[in-house]
Amino acid sequence: MGDQQRAGVKTVWRESPAAVRALLLGTMVNRLGGFIQVFIVLYLTQRGFSATQAGGALGVYGAGTVLGVLTGGGMSDRIGPRLTIMSTLVCSAVLLPAVLYLDSYGAILAVIAVGAAAGQAYRPASTSMISQLIPADRQVMIFAMVRLAINLGTTAAPLLGAALVQVSWDFLFWGESVAVLIFAAIAATTLPKGRGEEAAQPSEAAPDAAGQRKPSYMAVLADRKYLLFLVAMFASSMIYIQYVSTLPLTVRHEGYGTGVYASMVSLNGFLVITCELLVAKVVQRWPARLAVISGVLLTGVGMTLYALPWGLAALVIGTLVWSFGEIVGYPTLFFAYPSQAGPPELRGRYLGASNSLYGLGTALGPFVGVMLWNRFHAGLWLGCGIVGLLAVAAAWWGVRPLGQAEEAADAGEEPIGPDTETAAGPGRVTGT
């Protein structure tokens, strides 16, 4: 049991089902071809659209992703993860290149919105399938691997996209379409058919649920504790996104050049890629609440450190602290906990809700952050600390012991006691 509890990277990878390894590969290929969100503003402006119109298209893309993960979560519960992944990816691959042949701004926005929604709908379905196929005590580690695949692909995509632009802007859209189709082909050939054990045998999973729980997002909204968790998700994502929107303004205000900001972003990427799997080996033995709260708290503290008058030292130390928070907490916050927080027949919707709140937070965060920075400058970072504390409080009350997942359907009325389950799931006692 001790060896299983301390399963490392190689063991988890080697003993994971082929379908899970295929999903990790498909995720990395998909992110490697994720060009359009990065380059859509530049593409539209070079076609003659105004900067305002181009920015509006990026906002529409973000709105599409929020709608997509909600839709994908519901589809995953209804038709199963495999069909959801395949159908939505194919839809996205067909739609996105159509932007090349449209002249109407309204038509372009419509295609971008639907294409983005279809392209992101796979996310809750993919997480749901991994959660079904991987034992609970290894989910923090496997989802750290998912994040590694995402970060590797996301890091390389802008460089590859820039090379494609040198040949033709068209290659961006066709390149992303090809990457999406490769992921769809991987899903079609490797993922198990059907809706999974829980969905295929609902009477065994929850014999009394048929007349009480109608699979819908209303059931998720009835889970009061999970709503608090969603508040923590939203608040922490608004803080997290400030490194993209407001940190560059702070760096410039302090008198440093673009290279310093790029170094901070690179430092974060380096730490996440090189350290997250090693840290996950330890964090997977923690209670879920501890993992989530630690990640959210460190993220808020790191951002708050940017307010200190320490010059470059504040930038480096702050980046180190919030990067460590991301490493410690985010595999549990974004994947392992939402995938196990509710009853199996609602897994997709629980994941869709958490993904959508993350998307909403990262969409609104830049607007709020820049507005506050323009008025208060360093006070914005102190505000991040306050919001971080609110997120910690919401997570404390909202993250239930994972052994109580079935009670999630009863509107979260059970008391929250001390956690004895690990971040990965029930049945694992913290300690040696």
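Keep in mind that glycine also has a Cβ here, set from the backbone N, Cα and C atoms.
The domain 'Major facilitator superfamily (MFS) profile' annotation in TrEMBL covers 19-403. Taken from TrEMBL, the feature transmembrane segment covers 20-44, 50-71, 83-99, 105-122, 142-165, 171-191, 226-244, 256-278, 290-308, 314-337, 357-374, 380-399. What TrEMBL lists as region 'Disordered' is 408-432.
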Contact between the transmembrane segment (171-191) and the transmembrane segment (256-278) (at least 3 Cβ pairs under 8 Å, separation 6+): no
Top Cβ-contact partner of the transmembrane segment (357-374) among 50-71, 105-122, 226-244, 314-337, 380-399 (pairs under 8 Å): 226-244
Cβ pairs under 8 Å between the transmembrane segment (314-337) and the transmembrane segment (142-165), at least three: yes
Contacting positions for the transmembrane segment (50-71) when only residues 6+ beyond its ends and CB under 8 Å are counted: 36-37, 40-44, 88, 105, 108-109, 112-121, 123-124, 217, 351-353, 355-356, 359-360, 362-363
